[in-house]
Structure formats: structure tokens, C-alpha cells
Amino acid sequence: MARSITVTTPQTEYDITIDAGWIDTQKLNEIIQNRKYLIVTDETVYSHYEELLNPFECVVLPVGEGTKSLKYFEKVIDMLQDKQFNRSSVLIAFGGGVIGDLTGYVAASYMRGIHFVQIPTTMLAMVDSSVGGKVAINHTSAKNLIGAFYQPEAVYIDIHFLKTLPKKILSDGMAEVIKYGLGFDDHLFDKLETLNLDQLNDSEHEKTVLDIVETCCRIKAQIVHEDERDVAMRQLLNLGHTIGHAIEQFYQYKKYTHGQAIAIGMVVKSKIALLEKRIDQQTCERIENLFEQYHLPLELDDPKMFSTILEAIHLDKKSTGSQIKWICVDAIGKCRIEGTQYEEIVRKIKNIE
Ligand SMILES: NC(=O)c1ccc[n+]([C@@H]2O[C@H](COP(=O)([O-])OP(=O)(O)OC[C@H]3O[C@@H](n4cnc5c(N)ncnc54)[C@H](O)[C@@H]3O)[C@@H](O)[C@H]2O)c1
Ligand SMILES: O=C(O)C(=O)C[C@@H](O)[C@H](O)[C@H](O)COP(=O)(O)O
Ligand SMILES: [Zn+2]
């Protein structure tokens, strides 16, 4: 039976529905409900799901982080204007986090808000980006700089879409899954230790994968319920991201994917926790092993670049002047926000080098 989670925010309420092998032509028609619609996807996703998507009206965008940009924002807006979309029309994001973030931001902006639905097709998008309404595009200077909080009308998750994902992208999404285990749920962390990347698409592990996706979505739904606008506890979902975003941006989104970059960020946080004696050596090794188990990097290829990269953390949206909100690891399953001076962060990172 499908699993269902309700996300409640001060202005709206919507369901996340999770199951395996259930999104087909009929389901898409039910979602559209005779409304004017446009499915937004990318070239790779379209090539895998052409049979499903072909009967529908789609815009097929280039693959990659470059699509989360003003250029493609404008392109989709132009299309909606040509098609005379109005406030009862609906946009459907069918793809990974790039497509979801861009489509959501277009939906938030066009006529100050039209309906939008998330159908995530990557692990990252299923457990994280499709839920909670952070929608954004990048600015040349910083990641997700132009965006809004704008909730979808529903999220439909079909884990069978993971079957066509290349291993590297599945691995990438596991970084966000590990984030939920490391930061919020030690049982989830334990469960992840019993699996590996190759098993995630095996039919014998289907129930476990549904459980994992559900657990992550429940954690996020609860946090978004308590702090939709990211002024307090939602910032915990940024565990590893201050460093991760700086790495992604420094290499112009070409060398490290989002998941790889935040994995490096979370390992740094764990090493700092070890140095400050909040966790012991064995726990730190468990954390590093889990990232390795899912083929994620533990450090930069060129660790010497770290000090240059760190300059970019001034652009972190959680920073206020010289103070940066820094998410600390206290134990497996427990993280905390700390206000820290930039110089202090540099000192802490130098200590673990
Ligand atoms: N809004 C949020 O809360 C939030 C949370 C986490 C990450 N993000 C953002 O999400 C983005 C990363 O998302 P992503 O990793 O999904 O990247 P993505 O959307 O670029 O997808 C990764 C790759 O997988 C391909 N792909 C997608 N689904 C597929 C499928 N089922 N089969 C085969 N190939 C498929 C895509 O074509 C692409 O090449 C980043 O921009 C990140 O900042 C946003
Ligand atoms: O939903 C949130 O809140 C998150 O922080 C989730 C993150 O995994 C995600 O990468 C998000 O896009 C980061 O947002 P940002 O505001 O730090 O750019
Ligand atoms: Zn993230």
C-alpha cells in the first residue's frame, strides 16, 4: 500500500505519496485534472521515459546545474505566456532536483504563483528537493541565490524511477539520505549501514528502500512544518552545505555534484566533532565508512584548495555579517546550529587538515 505523509505549513497542506511502479499515463492524467498543464523535464529523463511522457505536452530542457539559471527560467516563463497559462494552470516537474527547483521557482513567479506538482526521479529529489518548497535558481556568484519558499500542491514518488539512474547519481542522492541519518535519526543511520549502493534497486530490498525514502520525507515534513521559512531549525537541513555549496560553486558545478560536495562538508563536520571530543574515533570512522559504502568522497581531490574555497562561505544564506550559522555534529542522529565567526571556522578547518 502507498505511504502518505502530509506536509502542513501556515498557508497550505499537501501530501507526499510514496510507492513503487505506480506512476503511469492514467496517474498523470489524474494529476492534470483537465487543467492547462506543462510537464518540465530534462533530455536524459525524457529519453528514459519517452513512452510515458510522449502523449503529454512537455518542455525538455538541457541536463545539468546550468539549467537552474535565469536563462531557462525566462525560457519557461516565455512558454507559459505563449500558452496563455493562468492561475488555474499547473506545472509538473518530472526530474531531479534541478528540474524541481527551476520549475518550482517558475511556478512561484509566474502571475505571482500557479500550481505545481513534483514528480521526483532521482534519489536526491525523492528524499529532499521535492519536499518543503525551497525553489531556486543559481546566480553566477552563488548557489540558489534567487528563489522562494513555494510549496507544491502534491509530491508523487515512484521509487521505480531509480532503476534507470546511473550509479553515480544514485550515490549522489545517498549523501542527502545519510544527512538525515547523521543529523536526525540514528536508526536510519544503522539501517543504511546494512545496505550498499548495488542493493538499492534489488526487488528484495524494495520495502527497505521505501522505508528509507519515507523516513527521510517524514523528517523533512516535520522540520518544514515547524520552520517553513528557514529561520530556525530548518537550517539543520543544511548540515554539510555551507562547505558543500562553496565547493560546488568554486568548481562551477563541473567537478563535484551536490551530493559529493555536501558529503565532503559532512565529513569535515564529523572530523571537527572528533577534534572537539563530541564524538570518538570509532564513531568518526563509522561516519566515514558509510560515505565510502555509498561511493561518496571524504575529501577534496586537492585538499590544498580548501582555504580558497572557504572564502565563498561568506555568501552562505545563513550568514549574518561576519557570523555564519554552522551546523555541528554532536552524535550520530544529532546535530545543532552554532553561530560562529568566519575566522573561527577557518581555524577549525585548519586544525583538522
Ligand atoms: N530544493 C531543495 O530543497 C533541494 C534539496 C537538495 C538539493 N537541491 C538541488 O537539487 C539539485 C541536484 O538534484 P539532482 O541530483 O537530482 O540533480 P539533477 O536534476 O541534475 O539530476 C541528476 C542527473 O540525473 C538524471 N536523471 C534524473 N532522473 C533520472 C532517472 N530516473 N533515470 C536516469 N537519469 C535520471 C538527470 O538527467 C541528470 O543528469 C541541485 O541543484 C541541488 O542544489 C535542492
Ligand atoms: O530544504 C532545506 O531546507 C535544505 O536546506 C535542503 C538542502 O538539502 C538543499 O540543498 C537546499 O537547496 C539548500 O538550500 P539553501 O537555502 O542552503 O540554498
Ligand atoms: Zn542539499
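Quick reminder: no glycine exception, Cβ is built from N, Cα and C everywhere.
These features come from TrEMBL:
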type    : residues                                                                                            : note
BINDING : GLY97, VAL98, ILE99, GLY100, ASP101, THR121, THR122, LYS134, LYS143, PHE161, LEU162, LYS163, THR164 : NAD(+) binding site
BINDING : GLU176, HIS241, HIS258                                                                              : Zn(2+) binding site
DOMAIN  : 59-170                                                                                              : domain '3-dehydroquinate synthase N-terminal'
DOMAIN  : 173-319                                                                                             : domain '3-dehydroquinate synthase C-terminal'
Those binding-site residues in GLY97, ASP101, HIS241 whose CB falls under 6 A of ligand 2, listed in sequence order
HIS241
HIS241 (Zn(2+) binding site) versus binding-site residues GLY97, THR122, LEU162 - nearest by Cα:
GLY97
Based on DSSP, tally up the residues of the domain '3-dehydroquinate synthase N-terminal' (59-170) by helix, strand and coil.
49 helix, 34 strand, 29 coil
Among GLY97, LYS143, LEU162, which are recorded as binding-site residues, the nearest neighbour of GLU176 (Zn(2+) binding site) by Cα
GLY97
Where LEU162 (NAD(+) binding site) and HIS258 (Zn(2+) binding site) are concerned, what is their Cα separation in Å, rounded?
18
Fill in the CA-CA distance, ASP101 (NAD(+) binding site) to HIS258 (Zn(2+) binding site), as an integer in Å.
13
Near the Cβ of LYS143 (NAD(+) binding site), how many other Cβ atoms are there if near means within 10 Å?
24
Taking DSSP states H, G and I as helix and E and B as strand, how many residues of the domain '3-dehydroquinate synthase C-terminal' (173-319) are helix, strand and coil?
107 helix, 0 strand, 40 coil
CB contacts under 8 angstroms to GLY97 (NAD(+) binding site), restricted to the same chain and 6+ apart in sequence, sorted by sequence, are PRO120, THR122, LEU124, ALA125, ASP128, SER129, SER130, HIS258
Can you list which of the binding-site residues GLY97, THR122, HIS241 have their Cβ under 6 Å from some atom of ligand 1?
GLY97, THR122
Same-chain residues at least 6 positions away from ILE99 (NAD(+) binding site) with a Cβ under 8 Å from its Cβ, in sequence order, are VAL40, THR41, ASP42, VAL45, LEU61, THR67, ALA93, ALA125
Determine the C-alpha span of the NAD(+) site listed in the record, that is the greatest distance between any two of GLY97, VAL98, ILE99, GLY100, ASP101, THR121, THR122, LYS134, LYS143, PHE161, LEU162, LYS163, THR164, in Å to the nearest whole number.
29
Around the Cβ of GLU176 (Zn(2+) binding site), how many other Cβ atoms lie within 10 Å? Please give the count over every shown protein chain.
27
Say we define neighbours as other CB atoms within 10 Å of the CB. Which of the binding-site residues THR122, THR164 has the fewest?
THR164
